[in-house]
Every structure is written in structure tokens, then in C-alpha cells.
């Protein structure tokens with residue numbers, strides 16, 4: 001323990017792997033390595049294909065590039081500590097390093113939520129106003145949306161590390177995961193955390209919560225537009241362009257909502273469930289998103305096949 005000003009803070013926290021299965025960590029690391037490898041290679045492949053294929057230089061694929069970069073960031077944030085625990089039992093993480101990891105994990109999660117909203121808006125414009133789509137979502141507009149998304153995440157989460165540093169910590173220093181998560185750190189404090197709880201709730205609802213509501217509204221409007229189309233074939237063709245995005249939304253939001261509910265209301269839930277939901281939230285979306293888009297997007301699939309034939 002180190003005395004810092006008028007309060008105590010630990011020099012480090014202890015991270016946890018999978019509770020109750022510590023003896024099997026080396027074996028458990030195999031599927032984790034596979035998921036991390038799929039996420040790294042898959043998202044790099046998406047970025048390479050979009051960059052080198054001129055026909056994919058349009059808003060839908062620019063937003064997909066943003067999603068791939070965000071997923072790569074999430075993977076690189078959690079990979080060192082997760083595999084460090086599974087391979088070498090390196091559980092210790094410095095206090096400031098933990099806050100830094102937590103900050104970037106939350107920023108990237110908020111950015112991913114906002115990118116999914118931007119992709120929903122793109123699909124709505126493409127289906128409801130196809131002739132105006134190129135003039136509404138120009139390259140400049142897409143860049144401005146991307147910068148606004150990054151700025152929104154950075155500014156809204158900037159107070160979180162300072163709110164955690166002001167707390168007094170004592171006794172328990174063991175985290176619930178192999179990465180640093182705001183509610184997890186906050187619950188180790190032996191001080192009044194009402195400000196942290198209130199600010200965290202407000203930020204979550206005003207960013208990720210609002211993104212989810214607007215995504216749902218976008219699809220309600222898309223469905224209304226699709227129903228008004230003349231033929232069944234046109235309806236199916238329009239909806240087919242949204243399938244991969246809907247899958248990405250479900251894969252991201254369901255585990256995120258589940259993890260938030262567990263940290264706030266699930267005190268009696270077994271630690272193993274908490275851990276598995278957390279890994280699902282941070283590892284599964286980056287690994288599945290490239291697979292989903294490679295399977296469902298004919299343009300990505302064709303560009304990938306062309307690249308493989310050239311090799």
C-alpha cells in the first residue's frame with residue numbers, strides 16, 4: 001500500500017482468470033488464442049480488402065473499416081493481460097496501468113456502439129433514400145462522423161480515471177476479470193462511490209443506451225420502408241443488406257447489457273458466470289464481426305477470393 005496525499009491507494013491490483021479452473025488455464029488458453037488470432041487476422045483482412053478494392057470505397061465499407069479498427073483495439077487492450085494470466089500466471093497490474101487499460105477498453109466499447117449506430121443510419125439512408133445516399137454520406141461527412149465518434153468517447157469517459165484515483169482503497173485488491181473494468185475497480189474502494197455510480201450510469205445511458213435506442217428506431221423505419229416496396233424480391237434484397245449489421249449489433253449489445261446488469265444487480269451470481277459474460281463481451285464480437293461480414297457481404301467475399309487467386 002502507498003500513501004498518496006490524503007488517501008490510500010494500492011500500488012497494484014490482482015487480476016483473475018477463470019475462477020475454479022486455475023489448474024486448466026494452459027488448456028483454456030488454446031481457444032482464447034484461436035479467438036484472438038481470428039480477430040487479429042480477420043479484422044486486418046477486412047481493412048486490407050477495403051483499402052485495396054476501389055469498388056468498396058463507399059460509406060458502408062468506411063464504417064466497416066472503423067468497426068474493424070475498433071475491434072483490433074479491443075483485442076490489443078485485453079490480449080496481454082488475459083494470455084499473461086493463462087500462460088504465466090502474471091496476475092499483478094499496476095494501479096495507473098489498470099486505469100489506463102480500463103479507459104481504453106471503455107472508450108473502444110463506446111466507439112464500437114457509435115459506429116454500429118452510424119452503420120444503421122447508413123443502411124436507413126441507402127434503403128429509404130437511395131438516390132440521395134451519395135450526396136448525404138459523402139467522404140467528408142463520413143470523416144466528420146468518425147471524428148465526432150472518437151471525440152465523444154474520449155471526452156465522456158475522461159473523468160472516470162480521476163474519479164477512481166480520488167477514492168480510498170483498502171483490504172481487497174482482487175479484480176473479477178483478467179482486465180480492468182470500471183465497476184470492478186470501483187467496488188474495491190472503501191469510500192463513498194455514489195458519484196462514480198451516478199456518473200457511470202449517466203454516461204452509459206446517454207451514449208450506449210441512446211445508440212441502441214436509435215439503432216432500433218432506424219430499423220423500425222427501415223422495415224416501414226421495406227414493407228412499402230412493390231415486390232417480395234425487392235423486400236428481401238433490401239433486408240439482406242442489413243443482416244450482417246443486425247448480427248453485429250446483437251453480438252455486441254447482448255453481452256454488454258448482460259455484463260452491466262451483472263455488475264450492478266447480480267451480486268449473488270456465481271463468479272464463473274460473470275467471467276464468461278465478460279469474455280463474451282470483449283472477445284467474441286471482434287472475432288465474429290469479420291466472419292459475419294465475410295460470409296454475408298458478397299462484395300467482401302468476392303474481393304477476398306480475388307486476392308487469394310492473385311496470391
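A Cβ is built for glycine as well, from the same backbone N, Cα and C atoms used for every other residue.
For the ranges 142-164, 165-187, the feature annotated in TrEMBL as transmembrane segment maps to 142-164. Beyond the ends of the transmembrane segment (276-295), by six or more residues, the same chain brings 18, 32, 35-36, 38-39, 42-43, 45-46, 64, 67-68, 71-72, 74-75, 78, 105, 112, 176-177, 179, 181, 244, 247-248, 251-252, 255-256, 258-259, 262, 301, 304 to within a C-beta distance below 8 angstroms of the stretch.
Over the domain 'G-protein coupled receptors family 1 profile' (42-293), the average per-residue pLDDT in this prediction is 89.
Listed stretches 142-164, 197-222, 243-264 were compared with the transmembrane segment (62-88); the greatest number of C-beta pairs under 8 angstroms is found for 142-164.
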